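Everything below concerns the one structure shown next.
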């Protein structure tokens with residue numbers, strides 16, 4: 001056997017022993033352009049036992065076969081380490097993957113580099129999942145056990161379904177600190193707590209409340225007991241119907257439960273849960289979520305048995321609250337839409353009861369099946385730990401072969417550069433710098449969950465869209481700048497000085513001679529229009545819609561600010577809207593003059609204004625608009641109260657007849 005150094009055309013180099021033109025014995029080989037390094041033993045051109053070091057500092061130490069990692073070995077990648085078996089370059093069959101910074105780890109079976117079969121996953125906060133896996137996701141039967149509520153991780157960005165496991169890992173091996181435990185759980189909840197619901201039905205009931213909503217008291221003629229329990233701590237009386245709740249479930253449930261990637265300022269209010277409370281789910285899993293039949297139980301006595309969909313109570317089931325009361329029926333996105341309660345006309349009561357009973361039986365069977373799968377997962381975990389210990393011994397042997405190969409390479413070619421140790425030193429130095437300067441990385445953490453460049457989710461915007469969106473949003477933003485500066489400031493001054501309708505009429509009359517002093521014909525034509533602008537500007541829908549495009553709220557404009565606006569023709573025509581946008585720029589300084597002069601003459605002009613209001617009936621519609629609105633406002637509650645009293649009498653009569661019969 002001979003040896004030496006051989007330089008490849010792609011920039012790689014081999015330095016070590018060879019036989020019959022192939023690497024044999026001990027040696028070091030670098031990849032193209034000198035990137036990456038393998039050092040260890042060789043056999044007729046293939047690696048046998050040794051270690052490979054990537055330029056990033058990631059390493060593998062163990063056994064090889066046909067140029068691929070095969071057998072036992074240890075891989076260190078970023079903040080994660082895998083110890084166990086390898087099969088043709090992929091992780092499997094048994095192995096342990098653990099975090100170097102947190103308690104997060106997975107112990108069990110693998111297939112094609114993903115969790116598959118049976119295993120136990122421990123999350124960053126200490127919670128566990130024991131059961132079946134498929135394609136790297138929880139799939140089958142399993143048990144999810146949380147830690148006490150006070151120690152559970154707060155979910156802030158629902159990107160992944162594991163707290164700090166493989167599916168929370170970025171491409172460079174690092175872990176997202178804000179990874180979530182449930183993709184469809186609201187931001188701000190705790191990992192492993194899916195029964196932590198605020199009063200979703202009650203919040204929705206407030207939006208669609210009232211006795212006169214369609215399908216309530218008169219719609220279905222169905223009365224419920226005062227037992228609306230949609231959360232742990234909030235139990236309030238209500239009168240609801242199935243039709244009303246079915247409308248609430250789809251739209252309002254999404255607005256109160258599913259928050260997606262939002263800041264925690266908009267998180268739902270959490271229920272008052274004791275810090276020592278734990279939660280356990282036993283049942284079916286599909287695609288890494290609670291789907292099918294299952295039982296979720298808390299240590300404080302709350303329990304749900306029934307059907308699940310996407311980590312939510314969905315289907316038929318029964319909820320038992322800590323005080324012993326029950327809520328059973330059909331759920332839709334965590335909201336009870338059909339309950340089993342006393343009704344005037346018991347329609348579908350028996351069918352609902354049968355479906356609930358079947359759902360409870362199915363949930364109990366699924367929980368029993370999950371417990372049996374846990375036993376199998378624990379046995380697989382014990383075997384995986386044994387393989388991990390054997391992999392440590394294989395890594396030790398690989399390091400010894402690596403040291404021999406480096407010594408041989410130094411003897412054959414003393415000037416040969418071995419990049420492997422420098423890769424490891426560079427990675428270690430980066431870790432030390434990160435620990436010494438933690439303050440520099442603290443402000444960099446918040447933007448990572450928002451950008452998350454290493455994740456792709458269906459429906460997300462491609463990376464090129466943000467480049468075009470600022471250009472599109474910048475051009476319209478430049479035009480409303482003068483409007484923002486003029487309208488709110490002048491409107492605020494006028495609102496402080498003139499708070500009543502009479503004062504606004506005074507300003508319209510006082511400003512009339514000021515505007516008529518202009519010698520041009522345009523100003524003279526605009527003068528009578530300024531009288532109506534102060535009165536009709538608030539109820540004008542077209543003008544309000546125009547300014548809501550720029551400001552997001554209705555802007556109150558006075559007569560001296562926009563003299564050329566034709567309010568009488570402002571019923572949605574394009575000419576009036578264009579005048580509102582372009583003409584105020586020509587009269588930028590006119591509002592300042594018109595505001596200062598009427599203030600000085602305001603005390604003298606008050607008696608004239610009162611006389612002019614009585615003498616000049618130029619706009620009777622504007623003068624009578626406010627009293628008409630007041631009459632309608634005063635007559636509205638009276639009619640509502642009359643109908644309310646009638647309906648209450650009818651309801652009491654129906655109840656009286658019902659109790660007598």
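Glycine is treated like the rest: Cβ placed from N, Cα and C.
Noted from Swiss-Prot: of 465, 479, the annotation phosphoserine belongs to 465.
Feature region 'Disordered', per Swiss-Prot, maps to range 228-247 of the set 208-227, 228-247, 248-267, 268-287. Looking up 157, 590 in Swiss-Prot, the residue bearing an annotation of phosphoserine is 157. Note on the repeat 'MORN 7' (304-326): DSSP counts are 0 helix, 16 strand, 7 coil. Away from its own ends, the repeat 'MORN 2' (38-59) comes close to residues 16-17, 19-20, 22-29, 65-67, 75-78, 172-173, 394-395, 397-399, 401-402, 404-406, 409, 418-420, 423-424, 426-428, 430 of its chain (Cβ-Cβ under 8 Å, at least six residues beyond either end). Over the topological domain 'Cytoplasmic' (1-639), the average per-residue pLDDT in this prediction is 66.
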